[in-house]
Amino acid sequence: MASDSAGATISGNFSNSDNSETLNLNTTKLYSSAISSISPQFPSPKPTSSCPSIPNSKRIPNTNFIVDLFRLPHQSSSVAFFLSHFHSDHYSGLSSSWSKGIIYCSHKTARLVAEILQVPSQFVFALPMNQMVKIDGSEVVLIEANHCPGAVQFLFKVKLESSGFEKYVHTGDFRFCDEMRFDPFLNGFVGCDGVFLDTTYCNPKFVFPSQEESVGYVVSVIDKISEEKVLFLVATYVVGKEKILVEIARRCKRKIVVDARKMSMLSVLGCGEEGMFTEDENESDVHVVGWNVLGETWPYFRPNFVKMNEIMVEKGYDKVVGFVPTGWTYEVKRNKFAVRFKDSMEIHLVPYSEHSNYDELREFIKFLKPKRVIPTVGVDIEKFDCKEVNKMQKHFSGLVDEMANKKDFLLGFYRQSYQKNEKSDVDVVSHSAEVYEEEEKNACEDGGENVPSSRGPILHDTTPSSDSRLLIKLRDSLPAWVTEEQMLDLIKKHAGNPVDIVSNFYEYEAELYKQASLPTPSLNNQAVLFDDDVTDLQPNPVKGICPDVQAIQKGFDLPRKMNLTKGTISPGKRGKSSGSKSNKKAKKDPKSKPVGPGQPTLFKFFNKVLDGGSNSVSVGSETEECNTDKKMVHIDASEAYKEVTDQFIDIVNGSESLRDYAASIIDEAKGDISRALNIYYSKPREIPGDHAGERGLSSKTIQYPKCSEACSSQEDKKASENSGHAVNICVQTSAEESVDKNYVSLPPEKYQPKEHACWREGQPAPYIHLVRTFASVESEKGKIKAMSMLCNMFRSLFALSPEDVLPAVYLCTNKIAADHENIELNIGGSLISSALEEACGISRSTVRDMYNSLGDLGDVAQLCRQTQKLLVPPPPLLVRDVFSTLRKISVQTGTGSTRLKKNLIVKLMRSCREKEIKFLVRTLARNLRIGAMLRTVLPALGRAIVMNSFWNDHNKELSESCFREKLEGVSAAVVEAYNILPSLDVVVPSLMDKDIEFSTSTLSMVPGIPIKPMLAKIAKGVQEFFNLSQEKAFTCEYKYDGQRAQIHKLLDGTVCIFSRNGDETTSRFPDLVDVIKQFSCPAAETFMLDAEVVATDRINGNKLMSFQELSTRERGSKDALITTESIKVEVCVFVFDIMFVNGEQLLALPLRERRRRLKEVFPETRPGYLEYAKEITVGAEEASLNNHDTLSRINAFLEEAFQSSCEGIMVKSLDVNAGYCPTKRSDSWLKVKRDYVDGLGDTLDLVPIGAWYGNGRKAGWYSPFLMACFNPETEEFQSVCRVMSGFSDAFYIEMKEFYSEDKILAKKPPYYRTGETPDMWFSAEVVWEIRGADFTVSPVHSASLGLVHPSRGISVRFPRFISKVTDRNPEECSTATDIAEMFHAQTRKMNITSQH
């Protein structure tokens, strides 16, 4: 039928629907004819050159075809409109005034559009079903959508301007069914360029049953309740759900009552004439009602029993049963068919849907294997590249043809290079699966099998110039073993961003190296691989491609083992993806074998079952045969699954002696390597002799001797060892399953470092060794026993894997680097929770509920850990791998860093065994909660060295007393060495090198590595330190309200500044660096000082400012130094001690001598810039409690300190016991602060109004509490501070019981005023007495808001709980006015006069 015929009406189309001649339609001519028939005087429209701007999800690429979108601003004669079905959300915009273009649709939909919507028939063109039609040069086929009457899927084969075709499937709304797999037209679109997919239920929670099951349920309910005076109501759309109505009428043998509108619709569809439907309400008790009559279904079902009761009474029935057939109300539940009851009414939520559920969508994409999926529902289609679209497309990762996309990408290199060389005689077409049989004759005339001899030159020639430059840079940056193909794949993955390329490379370095080390595959091998992607319905060669180009298409060995986005795929999706590939590859002819040696094709790697090959023999079927027959079986199986057997042996680290046994297992598993591994590990006693010493060692797959709890006798143990019986810990075991006995709990004298370890000498240490120790230490209350366990753990590491000792120490101490390196994981609880959700397949709400109950994310992870079935069990976690991964996480910054961190964490989690995930999560959260930190780990490390050396070398030379002395001496030396040189990178290797000769003199202080600061004890008054300093000379110094700083000068002149925690803060104080350089003596080439940095107001006589002022100073970082010009808060440094100068360690010198050396380093000072701490000296003869002059002098000095805005004073011994002791808190240093002195500290009466869940030791309790005062003017509670000190464990337990049930509020009351957001809110019930150091202005807390500062409240620094106040009601607590007055009364406060 010619496209320019005048009969472009519905009736005209009907008359030609059976015509065997192919329809060839021209939309512009049809539109011109339609316009002319309506108004002959109407000028013929001018064809437009392009389609109006529309969403990508509505437009077919490279065409002017628009699907299901009719609200365009103007008409266009060249635009072809396609309507998939007659539902209002798809035909919105159509009306009787439509004249914007020609509408193509099915016959039934055309009738509905014309008769119901009154769209002029001249603009509606009905297309035949299952028949190819050419429209504007493109081929279009309509097939059944299984949605509603007249609903169709559109198959578009679009001709490109240059040459070739692109294929697209537009599903409209559809429900996938098995019949579609056999549709010949749809089969022709396997491997298409894109699928515009109905993603209504693209969510794993929507997996409702089949339509047949749902219809059967409705019919069974009607048959079961068929009584008199029972009315059945079925909710449906105006068009839709007809299938369920027809089945009810047919199987229940009764008519269906519909209203006039529904009847007219059914008549148009041809259903009303079958006698199944009636408008007479008295003819049947099954009535159809509107969609929302029985209740609202979105976003969740809300029944409308009121309306149901009205209908029941109006129609005179005693009972009413409603059915709401929809998938929206269904999620994975125990009861598929939920029922709501009320009185004599019930509503059945029937999971009947005419849209595909989640699994069906994935099956459909798996069947078609398109290059991409374009969602059409459930996202903002105006933002096609938005995150929601990308997130939805990830549901189909592994199901789309990603390899074809890579081929197209690399072929683009060839095209660009070919065009530059003006080799235009080769017509390159990228989509080989799209060529029809009639085009075979147009194939390249050259013919033959001209295969390039080398891939190297081709790759070089086909790379664009920009990528060539990038390749050169990558060759300089990456290791030499990285192949050019791998570089190209990385360039594509990261859009040429070299930073992302390099960072992602190192994330997957091990996998890339393993791939690069495989033999180079032959081109024939790759030809087989790519041929697997072409279905039997499309066997034709590519049109117009010369053999050279075909060879390139088939010859590229793109990375297949590594998926750079695999971290974003959920466990369920990963498993299904693997399964889909396996099933597809299994259909291939087993006789097709690659030629020559090389890397196995994907078919062979994923192959599970060979189709009845002659070599496939079941071991189980030969159990009665003689040994010779069994050997033949093994040989045959080995030949049939040779490559799988090789892989199996490699995974379990077996030798050739294991081959026969492995072949029998693999044959029993029919080539399924995962099943074979399960058999191997479930039947360990059957493993033949395979001596451990003969097995290869691998850093990724290790075997560990299995000594179960049941093997108590030495005979069993020896039998296990002699059999070579070993277990690979990559086998999933539950926490409750019997695991290797944890021998670290043995007494040190009975522990054998090598025999009791779970790995062998020379192998890398498994992470499970640490985890089992952590679990034992966690359950052990005694510190001595815990140290013994840690000692045993380290002994095995020293004996078997000394290179893993340092990473193990870091993991035991919850560190990944020395403090001064400022390297942190920088991950929060939300990221850990998100990774846990993906790794374990649980919901966020479940994680939150479990965390609220358990209070520890590690316990949550352990509880919800699930077995995840993968193609190959993941390798066991190694100590060094866990540590290196944590270091990788710490360096991830910038765009995409959160995703990369999450991927690394998920990868670790999925490899966890036993309790590994519990302690891994705790490590990520920086809280192991085993009660063993550095003070326990370091002595255990020293003990391990002595124990191993004693038993190995000195058993006869050392007496018991000497041994004990050495044990304690080395342990103490390790701790002391770390205090003066807190770098495990230095201490641990030195300890291993010196062995039992290690001592404190082994290491010395190093400028640039801060030592641990000396600490002071608290004194509650002046008299207290007189009692401790009788007849001993001492000094009193101001205790400044600033930041403790340790200042180092390095040999190269560099000045570094460290905080009291060892964090480097040099970038925050560039002005201080200049001051140190200016005033230090040139002769002092290196030194280490102890000082306090204080904010100062140099304009107002160098007045000292509060710590609050100093905290407003910019912090800076290694990558962003602040400049002296940008500094707004000036500082003065008060130096008071020196620990190291010019290579000499001064720690043992008395303070008096250290002061003298300090003044040699700084002979001059300058007020407001660098000063010595203000002090007074008390001689030994004056240090007496009876000396009232001295007592008065010190009291005056203390008051002077308060008036100078200091926290208090420091009292230090000058001569006796006056050394500098890192980390020590001794009587040699005492501190007297305002809130420690009786009579000086004011207390507040505050009300707890909320709390957070505790962490660490306080897990399961509430800590901290949010405290508030009361403002009687506004009648509201205003927050003052968080309190987390001063409580006992008994008090925590009491408060957990007290604040429960009705005392916990669902949300913050309107009369609570705060910027805090605690985990839960409490009703105002009790009053507590709180004491703090002083008051400060707060942007978060709201106490006294407007009374002191116009926009900020007042808070308390260092608050602590004193006691309960039982004689006051909550409204009688401290008021906002009280707090304001106390703020003004304090001597040290932030200057807020200039604040606005």
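Using the three backbone atoms N, Cα and C, a Cβ is placed for every residue, glycine included.
Taken from Swiss-Prot, the feature region 'Disordered' applies to 441-464 (among others).
According to Swiss-Prot, the region 'Disordered' annotation covers 562-599 (among others).
Here Swiss-Prot flags 886-893 as motif 'Nuclear localization signal 2'. Residues 503, 506-507, 816-817, 823-827, 900-901, 904-905, 923-924 of the same chain, all 6+ positions outside the motif 'Nuclear localization signal 2' (886-893), place their C-beta atoms under 8 angstroms from a C-beta of that stretch.
According to Swiss-Prot, the ATP binding site annotation covers Glu1037, Arg1044, Arg1060, Glu1092, Phe1136, Lys1212, Arg1225, Lys1231, on the basis of similarity to another entry. In the three-state DSSP classification, Glu1037 (ATP binding site) falls within a strand.
Sequence-distant neighbours of Lys1039 (active site, N6-AMP-lysine intermediate): residues of the same chain at least 6 apart with a C-beta under 8 Å from its C-beta are Ala1201, Cys1206, Glu1207, Gly1208, Ile1209, Met1210, Lys1231, Val1232, Lys1233. Taken from Swiss-Prot, the feature active site, N6-AMP-lysine intermediate applies to Lys1039.
Under DSSP, Glu1092 (ATP binding site) is assigned to a strand (E or B) in the three-state scheme. Within the same chain, residues at least six positions away from Glu1092 (ATP binding site) with a Cβ under 8 Å of its Cβ are Tyr1040, Gly1042, Gln1043, Arg1044, Ala1045, Val1133, Phe1134, Phe1136, Ala1173. Under the heading Mg(2+) 1 binding site, Swiss-Prot lists Glu1092, citing similarity to another entry as support.
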Could you give me the DSSP helix, strand and coil counts for the motif 'Nuclear localization signal 2' (886-893)? 5 helix, 0 strand, 3 coil
C-beta crowding around Lys1212 (ATP binding site), within 10 angstroms: 23
So how far apart do the ATP binders Glu1037, Arg1044, Arg1060, Glu1092, Phe1136, Lys1212, Arg1225, Lys1231 get, largest Cα to Cα in Å? 19
Just to be sure I understand the packing, how many Cβ atoms besides its own are within 10 Å of the Cβ of Arg1044 (ATP binding site)? 14
Restricted to the motif 'Nuclear localization signal 2' (886-893), the mean pLDDT of the model is 91
If you count Cβ atoms within 10 Å of the Cβ of Arg1225 (ATP binding site), leaving out that atom itself, what do you get? 12
Long-range Cβ environment of Arg1060 (ATP binding site), under 8 Å and at least 6 residues apart: Pro1013, Gln1043, Arg1044, Ala1045, Gln1046
Let me know the DSSP-derived helix, strand or coil state of Arg1225 (ATP binding site), please. strand
